[in-house]
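Below you'll find the structure, written out as structure tokens, and then a few comments.
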Amino acid sequence: MADSNELGSASRRLSVVTNHLIPIGFSPARADSVELCSASSMDDRFHKVHGEVPTHEVVWKKTDFFGEGDNKEFVDIIYEKALDEGIAKITINRPERRNAFRPQTVKELMRAFNDARDDSSVGVIILTGKGTKAFCSGGDQALRTQDGYADPNDVGRLNVLDLQVQIRRLPKPVIAMVAGYAVGGGHILHMVCDLTIAADNAIFGQTGPKVGSFDAGYGSSIMSRLVGPKKAREMWFMTRFYTASEAEKMGLINTVVPLEDLEKETVKWCREILRNSPTAIRVLKAALNAVDDGHAGLQGLGGDATLLFYGTEEATEGRTAYMHRRPPDFSKFHRRP
């Protein structure tokens, strides 16, 4: 009997709180029907305004190498752009080495990313690996020296660190499209990308401590941010591999799709991004990275703010006054609260 009274009392208190929170004018019948909007209902309203995301097959056009010396084509990568769409795709093309990178690979990747950045028709970039067995297996250990990785007749270097920074600073989203192994330095490459879409055969993990290597930069800090410090320690200290499903659960990737749907789904994400404001996306990427990138991150965010300011009448007044050798008149611009 006492339990029944306590339950009734609790129900009455809950009813009082509920009635207090419901706005005036709501009838009890309407209040009972209030619930969170479902994803499907929100999607329906969105689609009425914007329409469905196109699902037609993308047409890729190969982009020729425009670089140094006698080399007229890329050797270690394939660089393509979608016909009449703002999507670029950069593919590491060393499947015989599980798409491991060497210094030449990194140089070509950086040239392609630079071109995609400078091309105003490109809004999103896909990074992937040739074939279905590996996205990237990291640095090619056969070319590793005491000075880093060295191509024949070249000095050793760790130029992949420059590539990591380039991807982070690039003012357009980069999506890692992962099939097969993303391990070692390849695992770090997908982490520095903005989004990761994985096939159901994808495998993730770090190998460094097994082969006498490590990444104490982005490979540690970004991983800790993505999966938490404890899980990051597990991944580095134990050098275990994780399935795509496990990676999704720990927040390491965004989604998992069947292997046969990988490119289709990735292109769909690209098309959704391309619907949105490129300036908003640019500044958001800089802001999201700034917290982890210290002064360099703040510099990137500040640079974006400067570019936006250059497009205002206030900035134009300052430049025009200087060019005309007169004092600027900033009094006509509001000092917003």
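Cβ from N, Cα, C; glycine included.
The shown structure was predicted, so the numbers you read here are calculated from the model rather than taken from an experiment.
Around the Cβ of VAL183 (substrate binding site), the same chain contributes SER137, GLY138, ILE203, PHE204, GLY205, GLN206, THR207, PHE241, each under 8 angstroms and 6 or more positions distant in sequence. Marked as substrate binding site by Swiss-Prot on the basis of similarity to another entry: 97-98, LYS133, 137-141, 181-185, THR207, SER213.
If you look up Swiss-Prot, you'll see GLN206, THR207, GLY208 marked as hydrogencarbonate binding site. DSSP assigns GLY208 (hydrogencarbonate binding site) to a helix in the three-state reduction. Take the CB of GLY208 (hydrogencarbonate binding site) and look out to 10 A: across all protein chains shown you find 20 other CB atoms.
Marked as site 'Important for catalysis' by Swiss-Prot on the basis of sequence analysis: ASP215 (among others). A 10 Å cutoff on Cβ-Cβ distances gives ASP215 (site 'Important for catalysis') a total of 23 other Cβ atoms nearby, all chains included.
Cβ neighbour count for TYR310 (site 'Important for catalysis') (all protein chains, 10 Å cutoff from its Cβ): 11. What Swiss-Prot records for TYR310 (among others) is site 'Important for catalysis'.
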For LYS133 (substrate binding site): intrachain residues, at least 6 apart, with Cβ closer than 8 Å: PRO95, ARG98, ALA179, GLY180, TYR181
Please report the Cα separation of TYR310 (site 'Important for catalysis') and GLY208 (hydrogencarbonate binding site) in Å, rounded to an integer. 45
Can you tell which of the binding-site residues (GLN206, THR207, SER213) has the fewest other C-beta atoms within 10 angstroms of its C-beta? SER213
